[in-house]
Amino acid sequence: MEKVKKKIGSFSFWNWVIASIIFRLILIYFPKNLNLSSRPEVSTPLTSFRRLAEGYWLKQSSMSSYAGSMYHGSPLLLSLLGPLTVKRIEGQPNHLLYSLVSVIADVVSAMLIRATGQNLRLAYLRSLESLDLVKQIDVSEFLCSGDIAALIYLCNPFTIVACVGLSTSPIENMAVILCLYGACSRLIPLAAFGWVIATHLSLYPAILIIPVIFLLGCGPDSPPRKLFLQRHQQKEVLNQSKLPPGFSWRPIIHFAFWAFLWSVYVLVLCGISLKQFGGLWEMFKSTYGFILTVEDLSPNIGVLWYFFAEVFEFFRNFFLIVFHVNILFMILPLAIRLRHRPCYLAFVYVAICSMLKSYPSVGDSALYLGLLGWFVNELADMQFSLFLFCGYVGVSLLSPVMHNLWIWRGTGNANFYFTTAMVYACLQIVLVVEGVSAMLNHDRKLRILITGKPQDAKS
Amino acid sequence: MAETKEKSLSDEKPKPRVRPIVRLGIFLISHSFHVSVVCCTAGVLALFLLPVLAKNTYISENALMPGSASPMLSNQHVSDGNRLVKDLTNPNSKSSETGIESHKIIAQYMLDLGAEVSFHKFHPQMNQFHPLHFFSSPDSGKIQENYSCSSYGINTVGIIRAPRGDGKEAIVLVTPYNALKSGFGEALSLGIAYSVFSLLTQVTWLAKDIIWLVADSQYGEYAAVAAWLREYQTPKFSSLSAPNAEMCPDVNNLFELKGHSISGSKFSNSFRRAGTMAAALVLKVRDQNEQFEDTISIYAEASNGQMPNLDLINVVNYLAVHRQGLRVNVEKLWSLLNSSWLKSLGEIFESLAKVAKSLYPKWKFGIPATEYVEGTATLASSLYYQALGVPTGPHGAFRDYQVDAITLEISPKFSLDKVWRNDILLRGGRLIEGVIRSVNNLLEKFHQSFFLYLLTSPSKFVSVGVYMIAFALLIAPLPMVAASLYVDANSSSKRSKGDSSTPSAITDTDEHSIAIRSWSPTTSFMIWVLLSILSLLTLNSVLASPLACAKATQEKEWALVKSVTISSVFIGLGLMSVINFATAEIGALLMVPMCLLAQPLKLDVRAGTLRSFCRMICNLVLGHIAFPPAAFFLLKGMLDGFGNANVGDFWMWVESLWAWNSATYLFIGMVQLPCWVLCISILFHTC
């Protein structure tokens, strides 16, 4: 019975993957009706396809690709993807090659998510075994979290829209997932490469260095180390082999070395391509500077554009610092509390970044919703799941309508659209808060199973 | 709404320390039955209270200053207009088959005033369905291949350049005119427009250009105006589409003639433009009239229930009533005027208001019963026309380009003597002049007053903040009931979260799958019903059968289906209330009671109490009423009598919605029908 179930599961997994790819291809062949690449939810100043094409055009006519404040991405993307923006095949949709690249990026990310999820599931089962909890928790009930996460990532309408809308976020997401995959399967050069590229492309993944260090230092997600010690104290035998390994510095030094190597490599490449146009300083100013100073105030699904459109000029710098430090403030407490679950920590960081980012798009939500799929077993009794689901559906439908009411019909105003942006931010906050508390509750449940008595809720 | 939803949704067992907001949510969910009864009654009651709560209109934009200047239109201009009317009604002018002669006459008259004149040729466009039209910008990209020289229309456009303006803004005056079979009314409307036009060529205060569009209405008034606007706003740069009309010899002939007769004048072959449009007025004169005084009807509803800025209606209403002594009308549902239950409801409200006033003299909210009935009739028609999503006149084309426009239809008391005609020309002309003068004063586009409102009389309105309360009360119980059902079903059996919403995706596919043209509406409607039932049953047997195997999950399955139905209804209605409020309100009235009451009939039969019997009857009745065709027949029968209700009518009605790109069509196909199917499947659930 079990085997049959599993067989059906894997069979339908590949079916779903193929179906989602076909669905993308269908959408790519009818791009005119949707006009997704000009929607503010899909293309931000950083990920817009039109800006990429403009940057490539400037580069081809031997000007600085950052001239005119149109392009704000990496020069490497220009060299890699730029040629695809102008290449046309007769009788095919205009940007077929570029769209195929994003489809491939999506599929690769999904496969990496699947591999990582399987990794995480194995680690979880192993730790349950070493805690002798296999009997209490029905392991056969466990879902294949890797498959589920991959399918969530592939079939999520947000991912599909970002892929068909020709934004560069599938590639940025792939870099982030590559980094996490490398760290989980202890491929240190790969992890370093993913981290460097992700940071280079969109800056915010830089904070993923903390979960990556935890991952490399003490391995993938497991219950707190304290529980293992308690368990073994109960049994009065301290079996060292069953304890999870302690923190080891060797892989981290390796990681630092490789990260340094890759970043030097990337910077040298960028420097070569920007030699005549102001060099690296110009690049930092118009990519990282553009992200950090929130220069472009065109509406998007985030909350910063409205705020900085309203704020007085002389408070601007202060609030810029406040908003960016907001992200940094959350890093340390979360890292301390969730240090035994580095992958979950990475999910929380990604979610927080996509909420407080200066130019968020649905592609970022697609990433953290996909990562959420890794923890279906742990988060099985999360609260408000129906509310969150309905909220996401409602907001993603309401937001284009409000935008239309404001821009095209003229009967609404900016507040209408901003309302949906605020509701969206609230939903993300509820998701993160409930997710973290559900994970802590899960750890608490494990401890109760071990010690056999509920403790006070101090920890 | 989101807040209440957030409050209401918390599927958590009570713990020792629960946040107050969560406690409130738990309280609401556990009493969801009482809450929903109270909310729904309050919602319906609030809807009937709307005419009482309506406020008097006021002119919000100070710059408009209507009626501050005395009208300058004199008898001289009126006699000019009269001359044009005479020329147009002269039988000689109708000799030509295409009616080009009368266009030439109009153009000649415009030229004589010193205006720039051009002809705009257009082909009537077939209606195409753009389901997401309201999501995107108005587009020019609809290029048709099969033009034929036999079917084209000619709009005559005259433009006066403002002496004080910079040519960046314009006011549009539209008079629909069918040269082939024009009635006297159309000629008269041209006469009024001409007299105003001749005045405006002389005045010095003009700051915005005036465009006078004589729209060729032989293919419909809307089509002509829409074609001209499309050309005006989104010029085509491709070389392919331009020469289509020029290839027809007849049109070229027209231009050549013109070129010969008036050389060096302001006539031009090319399309002429002025600035961005500040406002547009469509002027019509009705041929027959049964009323005893001169009235003027205002039509304002554009596509998808969009309304022009309330200030425009205010200005027209103020000038017509207080300056020209015309009676102003807005559409009413006449059959509601005689209904006795509405009258008694109005009397109840009136007496309540009297009691309240006797208690505290400052409470003055009551209105007389007759006024209440009239207000309700107007409100009902306002709701109906907004809900249809079909524009009520050529002004609808302007709203797609964010231009505020209304149609004014003057219906004079009918007599044929010259004095009367001059009187109508003078008063109508002065009204138009006053409105144009007010709009001319505007510094910005209309933005001060409301865009989202319902009219209860020409001088009373209900704003969005008031009517949304009724709607919000009506749909507030939905999330609570959904949450409580979800919690109940979840706590009893955690595993039954199967995909219970299989039928929801189905109904809209078969809606589109049928493109029957040649059959009569009745047959096509029947075929549609049969095909949908067939496809639903097959899909149900294919997809839903795996769920039936586990007996344990069956018991609570209907609760989950109901929870999913209610949440999707809530999302659908909330979304629709933003796109088109009136549709959402009517849809909510139909669907909310049905969704809330739905329960398997078997359970009720088994229970056998009086309460369950009542619920069963209610369910059956609501299940019939909420089916869109049935609801349509019922409404039509109530309004026009059941004698002439026909099965094919619904098909025709839906086809007209389709042809006008109405969002209501999408709503019926994607929210109402699927949810109705889900509710019916709950009713007949085998548990």
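Every residue gets a Cβ built from N, Cα and C, even glycine.
Because TrEMBL annotations are produced automatically, they should be read as predictions rather than curated entries.
Quick look at what TrEMBL annotates:
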{"type": "TRANSMEM", "residues": "A:12-30", "note": "transmembrane segment"}
{"type": "TRANSMEM", "residues": "A:66-84", "note": "transmembrane segment"}
{"type": "TRANSMEM", "residues": "A:96-115", "note": "transmembrane segment"}
{"type": "TRANSMEM", "residues": "A:148-166", "note": "transmembrane segment"}
{"type": "TRANSMEM", "residues": "A:187-216", "note": "transmembrane segment"}
{"type": "TRANSMEM", "residues": "A:252-274", "note": "transmembrane segment"}
{"type": "TRANSMEM", "residues": "A:286-308", "note": "transmembrane segment"}
{"type": "TRANSMEM", "residues": "A:314-336", "note": "transmembrane segment"}
{"type": "TRANSMEM", "residues": "A:343-362", "note": "transmembrane segment"}
{"type": "TRANSMEM", "residues": "A:382-402", "note": "transmembrane segment"}
{"type": "TRANSMEM", "residues": "A:414-433", "note": "transmembrane segment"}
Same-chain residues at least 6 beyond the ends of the transmembrane segment (A:12-30) whose Cβ lies under 8 Å from its Cβ atoms: 93, 96, 99-100, 103, 106-107, 110, 147, 150-151, 154-155, 160, 163-164
Recorded stretch, among A:66-84, A:96-115, A:414-433, maximising Cβ pairs under 8 Å relative to the transmembrane segment (A:187-216): A:66-84
CB contact flag for the transmembrane segment (A:414-433) and the transmembrane segment (A:286-308), at least three pairs under 8 A: yes
The transmembrane segment (A:286-308) and the transmembrane segment (A:66-84) contact flag, 3+ Cβ pairs under 8 angstroms: yes
Positions on the same chain near the transmembrane segment (A:382-402), where near means CB under 8 A and six or more residues out: 39, 41, 157-158, 301, 362, 412, 416-417, 419-421, 423-424, 427, 430-431, 434-435, 437-438
